[in-house]
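Below is one structure, written out as structure tokens, with a few remarks after it.
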Amino acid sequence: MSDQEFDLSKIRNIGIMAHIDAGKTTTTERILYYAGRTHKIGEVHEGGATMDWMEQEQERGITITSAATTVFWLDCKINIIDTPGHVDFTIEVERSLRVLDGAVAVFDAVSGVEPQSETVWRQANKYGVPRIAFVNKMDRMGADYFAAVESMKEKLGANAVAVHCPIGSESQFVGMVDLISQKALYFLDETLGAKWEEREIPEELKEKCAELRYALLEELATIDESNEAFMEKVLEDPDSITEDEIHAVMRKGVIENKINPVLCGTAFKNKGVQQLLNVIVKWLPSPKDRGTIHGISLKNNAEISLEPRKDGPLAALAFKIMTDPYVGRITFIRIYSGTLKKGSAILNSTKDKKERISRLLEMHANERTDRDEFTVGDIGACVGLKFSVTGDTLCDENQEIVLERIEIPEPVIDMAIEPKSKGDREKLAQALNALSEEDPTFRVTSNEETGQTIISGMGELHLDILRDRMIREFKVEANVGKPQVSYKETITKNGASETKYVKQSGGRGQYAHVCLEIEPNEPGKGNEVVSKIVGGVIPKEYIPAVIKGVEEGLNSGVLAGYGLVDVKVNIVFGSYHEVDSSEMAFKICGSMAVKEACRKAAPIILEPIMKIAVITPEDHLGDVIGDLNRRRGKILGQESSRGMAQVNAEVPLSEMFGYTTSLRSLTSGRATSTMEPAFFAKVPQKIQEEIVKK
């Protein structure tokens, strides 16, 4: 596609999100097929899906990274991001939602809302992303569209409303009644679902469809009370309401996040996908509808507002980094204002560093097309950025706006890693550096005492796949240790320290003197280091060295060497020596001072707590709950339907290694579980003592 101008109102930036195995990638594949982007349908279970382009994805049949692509439908340009449904890859969902204007949530018609669907929905709530829903797999045994709609209301608190009525069910599912147009749509199998026939509503469904349509109209009237004419028509003459009127009210309700219309179909059997494409265009917002962009000025911390205009100042967000063996480092960006041209010099305002764009690329999974410019509303990729990482703002050199960052969760699991041979040491370091740039939830640290390299991530599958990538993409063979819990340390009261670092050994000595005050920061806020030095007691040029020393000191705690979190440090006083003071001396002194202060501030160890959902046959419920209690679990609640029970609990990660295997033997292989990091909590005293002893 050439760089043709696209009216902003005709762009849709959408994500496809769901629980693992609800059929997200298959739905995206069908969208690409019907919109003419691919000529052959790729199947996930055959390992041929276009959007699952990494080898690991094709082998495992799951989506790991958010693949991006662009399609055209009904005169609109739709940028689609297909996100992973596995909890270990939550950051991919989080960073996609941050840059999207709307989303399609895909649900399994048999299971309805599953635990990971709740996580993704919560993330979308956080960023206020308007959503429509697609109940997929209507051809499966036990499929129930209306039960899925109800489960969205109950479990997600969504204002879910049916806009379809299925015709037939399970293997007899042949189409649906569109409650807005009041037409029955029958799909023709011989055209792979590309064509369908519109017929009258079947006699046996007429009464039900009339009730459903009235319920839909009533709901629309309720969410837009300012539209009195529409409300009057609903009450007095609902049959006189036109399709256009319904679409207008629905669009407004979706954009304002007041309603979540629910469609049905089966992507695998090619039914209902074009209807989904139609409403993506009709109901989901364009960048124009999302309105003003807010950010903070670097100069004075005041709030800045920008309108989404092509001729406005540039404001873009880097939301993903990818390393390509041929092109190098690729940065995915979303442009909120202005235009970005190939070859232009820009500012990374988050880091206050200048960057230059060498190439602009439009992406289709892992294929790419060169572009001369991207403009407001575009999602694309650029080559040449050296400093930018996930969550950084890119802007004009004179603009200096910083947009809201992407929230990055703390890793919960650690593994030691070492190269198989000495020759691989440098390659391993490069691979780890590239992978941690791509994925902010993957951290690489060194254990000072043992000299081991430790990798940390969101779960065993996460680290497993990254290890796979090291072997395949970076050709590095590495040995890894057993997974360990990623504990953290923090403080529980205020503390202070006065530290002098003095060395005299002939010639020039070393001198630094630093006074610190520390206090607990609010949970989840991270560490903050602030200089309150006045009157030049520590010269200005040494302050960054003190801050760096403090930050390095916080990397390993005082109880068991785990990183300190949620600590606020104020550098309040100190002194220096005209000759003997140096940056190195102040850095060492800063590190010693913060450690000393932490020892006086009642330090504790924190452990990751996981939120777990177990779905089990009711006759095994007692065993499952008993087992979770033995693992220091806290049962949050349970619910039952159709002979199956779901137990929700919070359990320390340290108790959950090998849980899948023991759950299998406990329930004869009939139960399933999903787990995700919830928060960090204080370790019981007895366990803390054991950890410190180790």
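Note: Cβ is positioned from N, Cα and C throughout, glycine not excepted.
Noted in Swiss-Prot for the protein shown:
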- 18-25, 82-86, 136-139: GTP binding site (BINDING)
- 9-288: domain 'tr-type G' (DOMAIN)
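A mean pLDDT of 85 is what the model gives for the domain 'tr-type G' (9-288). The number of other CB atoms found within 10 A of the CB of Ala18 (GTP binding site), across every protein chain shown, is 30. A coil conformation is recorded for Met138 (GTP binding site) in the three-state DSSP classification, outside any helix or strand. Residue density at Met138 (GTP binding site): 30 other Cβ atoms are found within 10 A of its Cβ, drawing on all protein chains shown.
A sphere of 10 angstroms centred on the C-beta of Asp21 (GTP binding site) encloses 17 other C-beta atoms.
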